[in-house]
Amino acid sequence: MPEQLNTRVEDCFLQAESFFKRSFKRPQVSLKLRGQKAGVAHLHENLLRFNPQLYRENSQHFLKQTVAHEVAHLIAHQLFGERIQPHGEEWQLIMRGVYELPPDRCHTYEVKRRQVTRYIYRCPCADSDFPFSSQRHGMVAQGRRYLCRRCRQTLVFTGETRVE
């Protein structure tokens, strides 16, 4: 999987070098990105980070568009310096002129939300549930108390959990 990604990064740099008739410093490439972002270019570290899950699920479009998008950020930074907008004219010029791709700011990949466990707490005064995150539930285990806003009584764990 990373071989194709590295090959595409190199191809993008070769295209830019041919277009601008100069060489560019190659970045370090990492697949350590999670969440909603498909890719991130760290300009000062000369580092590209890509989301392996989104790459696996959308590999063809990812290789074509996302890799070029992130490489274009590094090329724009090396060519035009610090004082440019992330998706400004310079970056758009590279996307259109060098890679002949639309300068799309955001991807449209479907991002699966991670499942979260909620711990159900109740108050003696009302028939209401208070779903706690695992972090807050852990704080209760360490002795922290949470109070009902209505009656000021301590919320009590019911033993129930819910996956959302």
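In case you wondered, yes, glycine gets a Cβ from its N, Cα and C as well.
Remember, predicted model here, so these are calculated numbers, not experimental data.
Features as listed in Swiss-Prot:
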- 12-157: domain 'SprT-like' (DOMAIN)
- HIS69, HIS73: Zn(2+) binding site (BINDING)
- GLU70: active site (ACT_SITE)
Checklist entry - Among the binding-site residues listed here, HIS69, HIS73, whose Cβ has the fewest other Cβ atoms inside 10 Å? => result HIS73
Checklist outcome for this item: Taking every residue in the domain 'SprT-like' (12-157), the average pLDDT works out to 95
